[in-house]
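Trainee: This is the structure, below, for whatever I ask next.
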Amino acid sequence: MSMNNSKQLVSPAAALLSNTTCQTENRLSVFFSVIFMTVGILSNSLAIAILMKAYQRFRQKSKASFLLLASGLVITDFFGHLINGAIAVFVYASDKEWIRFDQSNVLCSIFGICMVFSGLCPLLLGSVMAIERCIGVTKPIFHSTKITSKHVKMMLSGVCLFAVFIALLPILGHRDYKIQASRTWCFYNTEDIKDWEDRFYLLLFSFLGLLALGVSLLCNAITGITLLRVKFKSQQHRQGRSHHLEMVIQLLAIMCVSCICWSPFLVTMANIGINGNHSLETCETTLFALRMATWNQILDPWVYILLRKAVLKNLYKLASQCCGVHVISLHIWELSSIKNSLKVAAISESPVAEKSAST
């Protein structure tokens with residue numbers, strides 16, 4: 001009997017109750033959690049409505065692919081806010097007494113799986129969007145003829161399934177997700193790293209996240225350079241790149257938001273995976289980095305809400321009036337058909353165009 005009682009005391013929740021040095025103000029945290037969850041859900045709902053309307057409106061194959069991937073990213077952010085936010089509010093409302101409402105560690109495991117999935121999936125989708133746009137700009141004929149909506153849906157499903165697999169890895173390896181030191185969220189084991197497997201999960205998550213950011217940076221750089229080269233090579237075919245310009249601006253904004261919000265958390269997890277977690281300072285740094293990462297799911301939808309063609313046109317007009325400088329003609333924002341885009345692509349990629357440009 002005494003052995004059974006001692007085993008019951010060493011539950012995942014109880015083990016952390018004796019070492020809770022990283023605390024948060026409960027009332028304030030409940031208030032901010034509710035506000036964050038509400039703002040995130042409303043923002044993502046508005047972005048989903050805008051993207052779905054745009055997907056129905058535009059029948060350009062290149063733009064439809066981008067909008068489909070963007071919709072997947074925003075929907076992932078929406079459910080991440082809904083599920084993770086609801087669990088976080090419940091935890092705060094229960095005074096963070098995990099041992100009282102989650103003795104079997106089921107809720108913590110669900111929380112941890114959702115945290116990993118909703119963190120990794122948008123990063124991977126952002127890199128896939130950057131690759132798709134890079135192919136669409138550098139190889140537009142191949143993109144228009146070979147990459148169909150069916151292929152894009154398969155890529156979207158593949159990314160989601162891969163993120164689910166990574167999130168389920170600890171469960172498949174008979175490892176539990178752990179309550180973190182602040183007792184407000186669950187993730188991989190960061191407190192008492194025992195062996196290589198604990199380090200592996202942390203390093204794998206960090207590596208995949210940083211790799212996704214690196215791929216996005218590289219592909220967006222190639223896309224931007226290609227658009228600039230085409231611009232200087234053939235001034236008369238500007239209108240064929242208007243939809244490219246809008247999507248590239250959105251991609252750059254998504255990449256900047258992801259880098260700023262996710263880099264601290266990914267680097268912190270990598271550091272814990274390599275060096276371990278031995279200080280209160282590491283706990284506070286992790287909590288700050290987590291809050292930064294949470295902002296990513298709030299800011300992502302506003303990229304599609306604010307950086308639409310109509311809004312960009314108005315911003316351009318306002319900037320032109322204030323500065324008195326016309327960098328580009330306003331007709332670059334006018335809608336162009338896929339026929340014009342393919343025409344520009346054919347001209348810019350043909351040997352004749354190269355020859356005429358050189359002369």
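Using N, Cα and C of the backbone, Cβ positions are placed for all residues, glycine too.
What Swiss-Prot records for this protein is below:
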- Cys108-Cys186: disulfide bond (DISULFID)
- Asn4: N-linked glycosylation site (CARBOHYD)
- Asn19: N-linked glycosylation site (CARBOHYD)
- 1-31: topological domain 'Extracellular' (TOPO_DOM)
- 55-69: topological domain 'Cytoplasmic' (TOPO_DOM)
- 91-109: topological domain 'Extracellular' (TOPO_DOM)
- 132-152: topological domain 'Cytoplasmic' (TOPO_DOM)
- 176-198: topological domain 'Extracellular' (TOPO_DOM)
- 225-250: topological domain 'Cytoplasmic' (TOPO_DOM)
- 268-285: topological domain 'Extracellular' (TOPO_DOM)
- 308-359: topological domain 'Cytoplasmic' (TOPO_DOM)
- 32-54: transmembrane segment (TRANSMEM)
- 70-90: transmembrane segment (TRANSMEM)
- 110-131: transmembrane segment (TRANSMEM)
- 153-175: transmembrane segment (TRANSMEM)
- 199-224: transmembrane segment (TRANSMEM)
- 251-267: transmembrane segment (TRANSMEM)
- 286-307: transmembrane segment (TRANSMEM)
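Help me picture these features in the structure, burial and contacts included.
Mentor: Cβ neighbours within 10 Å of Cys186 (disulfide bond), excluding its own Cβ and spanning all shown chains: 27.
Summarising model confidence by region, the topological domain 'Extracellular' (1-31) averages a pLDDT of 50.
Broken down with DSSP, the topological domain 'Extracellular' (91-109) shows 11 helix, 0 strand, 8 coil.
Sequence-distant contacts of the transmembrane segment (32-54) (same chain, at least 6 residues past either end, Cβ-Cβ under 8 Å): 63, 67, 70-71, 74-75, 77-78, 81-82, 85-86, 88-89, 92, 294, 297-298, 300-302, 304-305, 308.
A Cβ distance under 8 Å defines the sequence-distant neighbours of the transmembrane segment (70-90), meaning residues of its chain 6+ beyond its ends; these are 30, 33-34, 36-37, 40-41, 44-45, 47-48, 51-52, 55, 107, 110-111, 114-115, 117-119, 121-122, 125-126, 129, 156, 159-160, 184-185, 250, 254, 296-298, 300-301, 304.
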Trainee: Between the stretches 153-175, 199-224, 286-307, which one has more Cβ pairs under 8 Å with the transmembrane segment (110-131) than any other?
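Mentor: When the Cβ pairs under 8 Å are tallied, 199-224 comes out ahead.
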Trainee: Restricting to CB pairs under 8 Å, which listed stretch, 153-175, 199-224, 286-307, is in contact most with the transmembrane segment (251-267)?
Mentor: 286-307
Trainee: 10 Å Cβ neighbour count around Cys108 (disulfide bond)?
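Mentor: A 10 Å sphere around the Cβ of Cys108 (disulfide bond) contains 23 other Cβ atoms.
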Trainee: May I have the DSSP-based helix, strand and coil counts for the residues of the topological domain 'Cytoplasmic' (132-152)?
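Mentor: Helix, strand, coil within the topological domain 'Cytoplasmic' (132-152): 18 helix, 0 strand, 3 coil.
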Trainee: Using DSSP with the three-state reduction, classify Cys186 (disulfide bond) as helix, strand or coil.
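Mentor: It is in a strand.
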